[in-house]
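Trainee: Before I ask anything, let me first share the structure, which is written out below as structure tokens.
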Amino acid sequence: MFQRKVDVGPSDPFNIANTKNAPHETLKRWRQAALVLNASRRFRYTLDLRKEEEKEQRRRMVRTHAQVIRAAFLFRLAGEQQTDTPIASPTTCGDYTIGVEQLASMTRNHNISSLQQYGGVKGLSGLLRTNLETGINGDDTDLLKRRDAFGSNTYPQKKGRSFWTFLWEAWQDLTLTILIIAAAVSLVLGIQTEGLKEGWYDGGSIFFAVILVIVVTATSDYRQSLQFQNLNEEKRNIQLEVMRGGRTIKVSLYDIVVGDVVPLKIGDQVPADGILISGHSLAIDESSMTGESKIVNKDQKEPFLMSGCKVADGVGTMLVTGAGINTEWGLLMASISEDTGEETPLQVRLNGVATFIGIVGLSVAVSVLVVLLARYFTGHTRDPSGKVQFVKGETSISEAINGVVKIFTIAVTIVVVAVPEGLPLAVTLTLAYSMRKMMADKALVRRLSACETMGSATTICSDKTGTLTLNQMTVVEAYVGRKKINLPADFSQLHPSVVSLLNEGIAQNSAGNVFVPKDGGDVEVSGSPTEKAILSWAVKLGMKFDVARAESTVIHAIPFNSEKKRGGVAVKRPDSVVHIHWKGAAEMMLASCTGYLDSNGCLQSIDEDKDFFKGAIDAMAACSLRCVAIAYRLYEKEKVPSDEESLNHWVLPKDNLVLLAIVGIKDPCRPGVKEAVKICMDAGVKVRMVTGDNLQTAKAIALECGILCSEEDAIDPIIIEGRVFRALSENEREQVAKKITVMGRSSPSDKLLLVQALRKGGDVVAVTGDGTNDAPALHEADIGLSMGIQGTEVAKESSDIIILDDNLASVVKVVRWGRSVYANIQKFIQFQLTVNVAALVINVVAAVSSGDVPLNSVQLLWVNLIMDTLGALALATEPPTDHLMHRSPVGRREPLITNIMWRNLIIQALYQITILLVLNFGGLSILHLTHDARAHAVEVKNTLIFNAFVMCQIFNEFNSRKPDEVNIFRGVTRNYLFMGIVGFTFVLQIIIIQFLGKFTSTVRLDWKLWLASLGIGFFSWPLAVVGKLIPVPNSPFGVCLIKPCGRCVRDRTDTSNNKRV
């Protein structure tokens, strides 16, 4: 109840729970509200709203340009047809009798007349030296010739920003610019008053410190940029199948050449411009090119395919006629910048924190400036020797200006330290590091926000096939008629008529392919895992794939669809007999069957044996087998549509089927999946299985994977069918969704409904998907995880993260990395705020009380470098630990600064402030310097304060690694970057103190004072251990403060009400 009261209200511009699909107005609000010193750097990795608008305008312009050209061409073509103007004959291009311009013009203008003049797709294939059945030769010489003649399938990309650009952006920081101006003034005045030999140190040292900050900042930012560029290259590099030399192989999108034969299926991206060779129910989503959400059916009347479009339905093969810059998609991609950035919820919240701290720091800096100026001009400021710095009428104008410049420089430097510009950028630093490491863990992050949102995931809705299982399917059991066939076996046990129908149904009703090498090598089977399993089974039993396909002709096909759970094909045999073959979910197919062929080839009624087949399906499902039924029926050839348009819309009849076979396909559980599920459960993340398989198969796999603990858990609604869940009301779905662990026979729309119900119930949902129809669920979920191996391009584009090996264990690693991102940012916040608080308080107290500050501008800039860029590098790149998976998920509204962090921060800051103020005011007597020359004594004291302060930060970096653990050294030796940065900081500090005193206004310290500095820093370790023994409340401090106030208000209200009564 109280948590809601302290949550940031909707009016807070930094309160954006989810930046995924956030409106541009919301994103503009937080940018305008942020206190920013260097906008070009701070907003570098956020969505560039201006560029995004320009990109959309450019996209519309290219589309309009293409449509205008096409309209003009059609108008000209109509005129030519009336006057019988002949179309130009093809010109040669190298070894090919058609040129790149003619191909590009024909495809871009959808010129069907040109295509017909070239002899249709068959004639065009001859001009391009391509075999429509087996594809191009595909050897290196052939590919090189084609690229030389028609271009490669790449387009010019805008170069990434150079290091000098990042250097210039780092230079844009307002405070650093002011410091450079102040340094220049100080340099001129110093040389004028003290001469060149001594006078350049003050201004030169500030200038050098600023340059160091700029170079280190630019180097860090440049390295991040290179990491993001590499990741973007990975995202663009799509792998797809092509037919070369008679075999189906996978190649990169960039390796496609003109003349390639490319098979297309649901969810694929059209890789280049081309012509349809053949297809069934092929529908293309051309919205990416035309801007209209319209699905276009492709056939011989409309055969042109545009690069970049998606296959919405059906199957087909295309002949590539245009690649790269010779396509509209290539022109579009070359003209727009691909990456315009993206912000994450944590980044926005950190901008809010940085703005608040910046306002406080700015106020402190102004206060210090006013106090120091007042003390200076009233004669209360003395130099280290005790002499009054400003005496009215005696001090020269140049000395007064120099004094004012030094005071102003200190105030500006306080702003540099106080405004944590690096805090929001620490998110991109840890995300860049995490994303690079996640690639090694088989996860490709497409959206930055998903990486951190995974740390808040409370449930994972996982597919079964390929994610929980190996996706290595094999047929291990089959029923033909009532006869059970166990492998190894062959079709000789069956009647020839049954074998013929099975061969025909398996070979023709498949998008897969069987390649038999001429040299007698191993048979290569391609296609989806289910199709490969059935084709391999049939081949082992004696099926000759090419022969089976040659014996009949496909009239029409309905590709398998995860919504319908079946696929069918109508074929015409040489004797003009028409067969319709179906293949799909066993129990659904069984419901459509009225008979079956026994092993002797005799047709039997299925009514009496239906229970036998149901029992066989249940028995196979109980053994974790996927059950697929193969059936057919005869069809009157007179009823087959005769014209192409009617044929394209023909719905194949699926009743009165004759059952041919039921096969049981084994897909073993992945090794380690049970351990992965247990890790999730221990981490408070519930794993739910959502599968299209039979409920019994799903239950068996869930028990095997540990998603269901025992048979007793397998009750309704813990396990449920998709159709049952679908039939519930919205409120009922929300109630039931929490209890669901396994959903069987689910369609993609059921998955979407489950995701919506869980999100309404407050869950942060991660969902896996591989099909085109999964795209809405992937888009709706907080984190959409697509499959890298089995996933379609549509699914991948709708997802936030691509799991490259389709493995649940990789999903669990993503959760660890998500939690690590959040934990690393919290470590950095704790470290940086401790430095901020200590530095500000020490300088303010010293300035107000004595008119001088112990930490000068150069020293503060060095501290800023330690806590900002170097601190972020050290703490934001900590690798994830197993400890993270023993916590609950990070709440979306959980405060960034937890009670544990406040405790650690306050203890360390108070310790540093106390020690350093004691040294500041009593250092001369404590260090026995009262008898030394005052100027030298003050310099030694201030040097010790500076050195002790830096040592405190170095030792506190170790404390910040483990905010809630006593052992802060666990795993530290494995983090080479952390150890390197700490070592670099320590060595540089020694050099600064011992050798660069003129620049930093310090003096050399003897070994006793070095030991004292190290001792002060070292004491923060045992202090941190003691501090961690202090208990803190679970409720945020804000809630703890509000509770007594709320109680007090209620008591007063009750008292006043009683008085009235």
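Cβ atoms here come from the backbone N, Cα and C positions, even for glycine.
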Trainee: Among 199-219, 829-849, where does TrEMBL put the label transmembrane segment?
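Mentor: When 199-219, 829-849 are checked in TrEMBL, transmembrane segment belongs to 199-219.
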Trainee: For which of the residue intervals 174-193, 854-873 does TrEMBL record transmembrane segment?
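Mentor: Transmembrane segment, as annotated by TrEMBL, spans 174-193.
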Trainee: Suppose you look only at the domain 'Cation-transporting P-type ATPase N-terminal' (120-191); what would the mean pLDDT be?
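Mentor: Over the domain 'Cation-transporting P-type ATPase N-terminal' (120-191), the predicted model scores a mean pLDDT of 82.
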Trainee: Is the transmembrane segment (1009-1027) in contact with the transmembrane segment (909-929), using at least 3 Cβ pairs under 8 Å (sequence separation of 6 or more) as the test?
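Mentor: Answer yes, regions in contact.
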Trainee: So if I exclude everything within five residues of the ends of the transmembrane segment (199-219), which remaining residues of that chain have a CB under 8 angstroms from its CBs? That is, six or more out.
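Mentor: Cβ under 8 Å, 6 or more out: 41, 163, 166-167, 169-171, 173, 176, 179-180, 182-193, 406, 409, 857-858, 861-862, 864-865, 868-870, 998-1001.
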